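**Student:** According to TrEMBL, the protein has these features:
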| type | residues | note |
| --- | --- | --- |
| REGION | 1-25 | region 'Disordered' |
| REGION | 71-223 | region 'Disordered' |
| COMPBIAS | 71-84 | compositional bias 'Basic and acidic residues' |
| COMPBIAS | 90-106 | compositional bias 'Acidic residues' |
| COMPBIAS | 109-120 | compositional bias 'Basic and acidic residues' |
| COMPBIAS | 127-137 | compositional bias 'Low complexity' |
| COMPBIAS | 138-147 | compositional bias 'Basic and acidic residues' |
| COMPBIAS | 159-172 | compositional bias 'Low complexity' |
| COMPBIAS | 173-183 | compositional bias 'Acidic residues' |
Amino acid sequence: MPPMQEMRERERAARKREEEEKERRRLLAERDLRRLDEKRQLLEEELGRRDTEKRLRARVAERMAERAAALKREAMRRRDERMQSKSSSSDEEDEEEQDEEEEEAIADLTREHKAVEKSNHQPGRTARSQSRSPSRSPDADQRRVQMVDEDDDKSKRQLAGSPSLSTSSSASEESDEASDEASENSLSSDDSLERQLEEEDTYEQPQKRLRSIIVCSPMSSSP
């Protein structure tokens, strides 16, 4: 190969290597630029997210402060209301508890009364009672029935809130004593007297308890 042609080949190869090197550097520069651009975008997004989080936190903190202030005002208002209505509320609770106890007692006595009436209206019990006290006079039976009816009427009027609620306990005790004396006088023999008193206790004990509770209740003290 002639020397001139060899030199041209060398120059051509050198230029080719230089162009390849330039192309490689250009590609590397473009790659670096792309990476820098991506990093810049990531940093901008991070800064925007942090700014958004900061604003949200500030808004949440503001709302929490407003809510805490509102709760504090509400708590102070309720405390003031409790302080003002403490005495009245305690009295009302006591009255409600007393009313509930009285209602339960009246309901128990009513159930006992109905049970006694049911047992007294059974035919076998009536026949046994009549066979045990054959010497009882019709007038005495009529007086006893009348006294029981009067006691029932008094109890119904007291439960309905009639003016008879103002009857004093002493008057009730006197009427009970009178009914007991009339019941005792209506028996003719000792044997029939003992059996009759047992029947009276079975029937009249719920009525006496009902009258004592109603008379002693706060309603009976009203004029």
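Cβ atoms here come from the backbone N, Cα and C positions, even for glycine.
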**Student:** Apart from its near flanks, which chain residues at least 6 from the ends of the compositional bias 'Basic and acidic residues' (71-84) lie with a Cβ under 8 angstroms of it?
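**Tutor:** Distal contacts: none.
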**Student:** With DSSP as the reference, give the number of residues of the compositional bias 'Basic and acidic residues' (71-84) in helix, strand and coil.
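**Tutor:** Counting residues by DSSP class gives 14 helix, 0 strand, 0 coil.
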